[in-house]
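Listed in Swiss-Prot:
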type	residues	note
ACT_SITE	C269	active site, nucleophile
ACT_SITE	H353	active site
ACT_SITE	E355	active site
BINDING	S47, G241, G243, L270, Q273, N311, G313, F314	L-glutamine binding site
DOMAIN	193-380	domain 'Glutamine amidotransferase type-1'
REGION	1-189	region 'CPSase'
Amino acid sequence: MIKSALLVLEDGTQFHGRAIGAEGTAVGEVVFNTSMTGYQEILTDPSYSRQIVTLTYPHIGNVGTNASDEESSAVHAQGLVIRDLPLIASNYRNEEGLSEYLKRHNIVAIADIDTRKLTRLLREKGAQNGCIIVGELSDAALALEKAKAFPGLKGMDLAKEVTTKEMYQWLQGSWTLEGDLPAAKQPEDLPFHVVAYDYGVKRNILRMLVDRGCRLTVVPAQTPAEDVLKLNPDGIFLSNGPGDPEPCDYAITAIKRFLETDIPVFGICLGHQLLALASGAKTVKMKFGHHGGNHPVKDLDASCVMITAQNHGFAVDETSLPSNLRTTHVSLFDGSLQGLHRTDKAAFSFQGHPEASPGPHDAAPLFDHFIELIEAYRASSVSLNCSNSHK
């Protein structure tokens, strides 16, 4: 049976459509994503916690869903807004239709609305709080009340909500065209030990690090720095994640401690912002953020342009950079800061998503740079140990 659904924004704008997910309400910040594919990866990306995602591509659900394409163990998006849900999912890897998938994960979603109009509104007015409501459509006032009551993401620490509860090891590499996801590698076949902070980490980040020889120990967001240093890592990775970076004082404190050492540090998305804050810079809330797989970014060091995947609503304020931070990448859409490198430490970060999933892999060489820093750190450590042994 077809059920009606209603999306109401905090400014009172209403969109009437059809329910394609669970019954109930979904309240959060409404954003738009311009990716043409990868809706399952988007839904399971922890960075979308407390957000209602509008997908601008008109046909969503064409290839169904499957367990291998999930970026985490749960759906983190608060709700989903699309134009059209195809009747048939055509893909040999399909295990479950999108509508059934949403219902199983208790995600409220709406289809058959004018997503172009909604996107233009969000672009012009900025990201707005909103509410999708199913089953109580006669009370649009209730939906508006819920939308206005949502406090917004500014000041909201969500990393500690989506992080893993326990430390774990990750040894699995990337999916290949010859088959499905590969079996986990043997630890002895992975020469580099990297500790990855899970602020909402995506699985494809972990896979791409394993592809480059990293044996990963993934730790909860609030793990003290001294506990990590006891693990003797060759490198420290700061993951993506949702919410405002400024309230994550536990992370900033830990990163400051790591920067007192010579261990290489690499941050992505929220991790990029946290590295900047730990170095003395500031962050700001963006008007409507960057969400999509077609964002051009200029690499200032290589003087080239990369097409990147983006998903962030906060950014580092370039005017606040201290002297030991230099800009390495900038957005060609709005000029916002996209990459940083410490001038005094082996620490760097990128605002976009070099692992994509979904999106292009133009920025994937950033993982290679991390490995180069790790190799240099290990070489210097060996040299130091040798000189000490001869004293």
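Cβ atoms are placed via backbone N, Cα and C, with glycine included.
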Check: same-chain CB within 8 A of L-glutamine site center, minus S47, G241, G243, L270, Q273, N311, G313, F314: G200, N240, P242, D244, P245, C269, H312
Max CA-CA distance, Å, over listed L-glutamine-binding residues S47, G241, G243, L270, Q273, N311, G313, F314: 13
Reduced DSSP assignment, S47 (L-glutamine binding site): helix
Whole-number Å value for how far L270 (L-glutamine binding site) lies from H353 (active site) (Cα to Cα): 10
Rounded to the nearest Å - Cα separation of G243 (L-glutamine binding site) and the residue listed as 'active site, nucleophile': 11
Neighbouring C-beta atoms (10 Å sphere around the C-beta of E355 (active site)): 25
Packing count at L270 (L-glutamine binding site) (other Cβ atoms within 10 Å of its Cβ): 32
